Amino acid sequence: MDDLKVLIGKVATGATLTREEAAAAFNSMMSGEATPSQMGGLLMALRVRGETVDEITGAVSAMRSMMLRVKAPVDAVDVVGTGGDGSGSVNVSTCASFIVAGAGVTVAKHGNRALSSRSGAADCLAALGIRIDLTPEQVGRCINEAGIGFMFAPAHHPAMKNVGPTRVELATRTIFNLLGPLSNPAGVRRQMVGVFSRQWVQPLAQVLKNHGSESAWVVHGSDGLDEITLAGPTFVAALEDGNIRTFEVTPEDAGLERADGDALKGGDAEANAASLRAVLEGKPGAFRDVALLNAAAALIVAGKAKTLKEGVALGAKSLDGGGALNKLKQLIAVSNG
């Protein structure tokens, strides 16, 4: 506790924490040792000053050390967004996950209930008939038998209950909004991560590299979406062969037409689930296109595609051949088995 007071004092002066100091501070918070006032003070001091790559790397270390792990193949991928983009859109990364799985890539998806929309990944999947309150062993069985599994964040990060009340009272974004997508309980090393702000694209790619990721895309749409957008360019930081490259992609790069955000407005969990199922059943339109675009990037990360156009073609085959829909049916069956 005294150590934490020293670290809070350090951050309060505008100084930055080392990875080790950040890990110690977040261990103190997530273990329940820190008081609510100490948590709130540290989280807001970091937020106001701006969190560094080393601080996020250390916080992720603490979070990963306490999570309940899931066994998954080494080549599994995660398609995940931070949420909090305020768009209220349909569940793009969830739909893309089924497309990727239908293309033959194992998906270990990590997610939560809604942050700023009316339907997060967990809400949508539950509305589709998938059981989300599974043990790590049950999720592992889904991944092995269905080729896709969903890890409901609160079930795998029980230590988060110690910081939950403080986060609710602060009612503003904190470093914890960034940590979830970086703390996959299956330990995946191939990630497609959407973030709510352009400022985090390159830093989070660096954090993933620091934690041993082999291949990753961190993305932010120019319209604010925490996905690759159809509305215009998307900012990307790609981790490939130990190097991070930043660039922009557009729908045209993938052979797709632009569409504005209104075409992707979502509803509640039931409405979003129905929209997702319609795409998996072959319905054309903007939701199909944006899901294909994001799936294409995940297929590049998985090493299945070299370009977005190639990824879109593979994804279209997954949809039109019934592979993606079959993955949904398999996950419903295995999760309820």
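Even glycines carry a Cβ here, placed using N, Cα and C.
Since we're looking at a predicted model, the values are computed, not measured.
Within 10 Å of the C-beta of Asn112 (anthranilate 1 binding site) we count 20 further C-beta atoms, all protein chains included. Annotation comment: Swiss-Prot describes Gly81, 84-85, Ser89, 91-94, 109-117, Ala121 as 5-phospho-alpha-D-ribose 1-diphosphate binding site, evidence class sequence analysis.
Secondary structure at Asn112 (anthranilate 1 binding site), taken from DSSP and collapsed to helix, strand or coil, is coil. Residues or ranges marked as anthranilate 1 binding site by Swiss-Prot: Gly81, Asn112.
Annotated Mg(2+) 1 binding site per Swiss-Prot: Ser93, Glu227, in sequence order, evidence recorded as sequence analysis. The local packing around Ser93 (5-phospho-alpha-D-ribose 1-diphosphate binding site), expressed as other Cβ atoms within 10 Å of its Cβ over all shown chains, amounts to 26.
For Arg167, the entry in Swiss-Prot reads anthranilate 2 binding site, with the evidence type sequence analysis. Counting every protein chain shown, the Cβ of Arg167 (anthranilate 2 binding site) has 17 other Cβ atoms within 10 Å.
What Swiss-Prot lists as Mg(2+) 2 binding site is Asp226, Glu227. If you draw a 10 Å sphere around the CB of Glu227 (Mg(2+) 1 binding site), it holds 27 other CB atoms from the protein chains shown.
Cα proximity to Glu227 (Mg(2+) 1 binding site) (within 10 Å) is found for none of the binding-site residues His110, Asn112, Arg167. Under the three-state DSSP scheme, Ser89 (5-phospho-alpha-D-ribose 1-diphosphate binding site) falls in the strand class. Under the three-state DSSP scheme, Arg167 (anthranilate 2 binding site) falls in the helix class. Here the CA atom of Arg167 (anthranilate 2 binding site) lies 24 Å from the CA atom of Ser89 (5-phospho-alpha-D-ribose 1-diphosphate binding site).
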